[in-house]
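Worksheet for the structure shown next.
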Amino acid sequence: MQHPVPRQTGRGLARGIPAVLSVVSAFAIWEIYVRLSGISPLMLPAPSRVLDQIVQNRALLWNNTVPTLKATFAGFALSLTVAFGLSIVLDFMPRVRRALFPIFVVSQTLPLVAIAPLVVLWFGFDLTPKVLLVALVTFFPMLVALVDGYASTDPEIEDLIRSMGATRVQIFRAARFPSAMPYFFAGLRISITYAVVAAIFAEYVGARAGLGIVILNAKNSFRPDIVLAAVVISSLLTLILFAATALLQRIVLRWRDVEGHR
Amino acid sequence: MTALSLKDVSITLGDTHVLDRISMHVDQGEFVSILGPSGAGKSTIFRLLTGASPLQTGKITGATHQNSFAFMPQRDALMPWRRILDNLTLGLEVQGIPRKDARAQVAPLLADFGLADFTTHYPAQLSGGMRQRAALLRTIVQGRSIQLLDEPFGALDALTRTHMQTWFEDRWRTARWTTLLVTHDVREAVALSDRIYVLSRRPARVIAEITVPIPRPRLGRPPSAAAHDIEAHLLETLLHQTGENP
């Protein structure tokens, strides 16, 4: 009997069970430890207390999540645009690629701890430095993925389309660009996990609002429960963005799902 | 009428002398094969014709422009991210024909190529033989005057290959595409060709030109005695050619 679709879903759910179990038991152990040991919530708050703080401070958390999300999206949009634009320039001009690539590599060696305060110093406490830092952190994985992706194009496909009389631009659009898409999504998934963290770090260094500011203030007033509440929100944001990327990938790379499915 | 003619074409790539004064011609509506050992430089001739490699010495007349040729590579080179219909229209799209018109040009040919029910499939969902038929249709639909087929059935298993050759002969007998086929399969060359050029090992020279006068269809029935004789003669020529023995 064939029930391909339900079986697929059933397997997906079954596959998720171990992950859910391990996460739930980790929190359970943490909760039990805090209750049995009687450790001060100023040292280690229980998960139930963190959850409680999220509910109590929901207005504060929400008001500070919005600026963080703004910085994340603006920074990511900037980095996506720059990575795409640059990757096309680099693909058409190998000499420029050889000249500029080392600079991009160096940009990734800069310690964020040192760079972030300088960027805030230069651009102030508003959105700009946060956007720049998010872009700086996220653009490199996408650029490398795109450049490598173009180069992965099947030479037979390129020979074929060239034999049809295609121009360099046509070859790029019809062959090289689609070939790079699986690579691009691999880079995108890496980048997106950095984005929220980078925004929060930038806020931590200097901002008017944002989850980074919540964390900074809570730390200074010895409230680890609120620190962790903000951490939970930031993790959730990253997870949601990651899921959105995965969904987008499934839509764009639908042709890959059929492979090995003859 | 001569559709294409090469005269004393020689090619040296780096230190390797690949082609040595190759002369050949293809007539309108004729099926010509280039038969030779692997690595002899058969594909180099195609690269020369499609403009992928520059002509060094010698002369090519008749169809000299890149736009005279439609090329079918060894492996199907279908784009895995395009559905079959979009793969078939690729050549027309490159020519700047709007998608709708391109599809209209492909549509009447789909049934003959056994692809009518598979236009929305991705290449990975098709069998090797069907992919090869799609690759051939993608070649034909470009409407070029000469079809260049580079070992089109080489990657298929023996049974599928025989099926495809029989099917192809049938299609060719109705359409009479001017065709230049590169192959190292003696039987395939004899079954499909009007004439066969036999190339030597590198540097490739034309060591024999053989006309195949056997009536068509030749496939889908027991091979004739005449076909056997020609195959034997070709094998002999290939095995006892001058130069180093492997």
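Cβ atoms are placed via backbone N, Cα and C, with glycine included.
Note that this is a predicted model, so its numbers are computed, not measured.
Per TrEMBL, domain 'ABC transmembrane type-1' is recorded for A:65-245.
Outside the transmembrane segment (A:12-33), and at least 6 residues removed from its termini, the chain residues within Cβ reach (under 8 Å) are 39, 46-48. Marked as transmembrane segment by TrEMBL: A:12-33 (among others).
Residues 100-101, 127, 130-136, 138-139, 142-143, 146-147, 150, 168, 172, 176, 180, 191-192, 195-196, 198-199, 202-203, 210, 237, 241 of the same chain lie 6 or more positions beyond the ends of the transmembrane segment (A:71-92) yet place their CB under 8 Å from a CB of it. For A:71-92 (among others), the entry in TrEMBL reads transmembrane segment.
Under the heading transmembrane segment, TrEMBL lists A:99-125 (among others). Beyond the ends of the transmembrane segment (A:99-125), by six or more residues, the same chain brings 86, 90, 132-133, 136-137, 140, 143, 198, 201-202, 205-208 to within a C-beta distance below 8 angstroms of the stretch.
Residues or ranges marked as transmembrane segment by TrEMBL: A:131-151 (among others). Note on the transmembrane segment (A:131-151): residues 71-72, 74-76, 78-80, 82-84, 86-87, 90-91, 97, 104, 107-108, 110, 112, 115-116, 119, 123, 172, 176-177, 179-184, 186-188, 190-192, 194-195, 198-199, 201-202 of its chain, located 6 or more positions outside it, place their CB under 8 angstroms from a CB of the stretch.
Counting residues 6+ beyond its ends, the transmembrane segment (A:183-206) has Cβ neighbours under 8 Å at 67-68, 71-72, 75-76, 79, 112, 116-117, 119-120, 125, 129-130, 133-134, 136-139, 141-146, 148-149, 152, 212-213, 215-216, 234, 237-238, 241-242, 245-246, 248-249, 252-253 in the same chain. The annotation transmembrane segment is assigned in TrEMBL to A:183-206 (among others).
The annotation transmembrane segment is assigned in TrEMBL to A:226-248 (among others). Counting only same-chain residues 6+ beyond the ends of the transmembrane segment (A:226-248), those with a CB under 8 A from a CB of the stretch are 45, 50, 53-54, 57, 61, 64-65, 68-69, 72, 185, 188-189, 192-193, 195-197, 200, 211, 214-215, 218-219.
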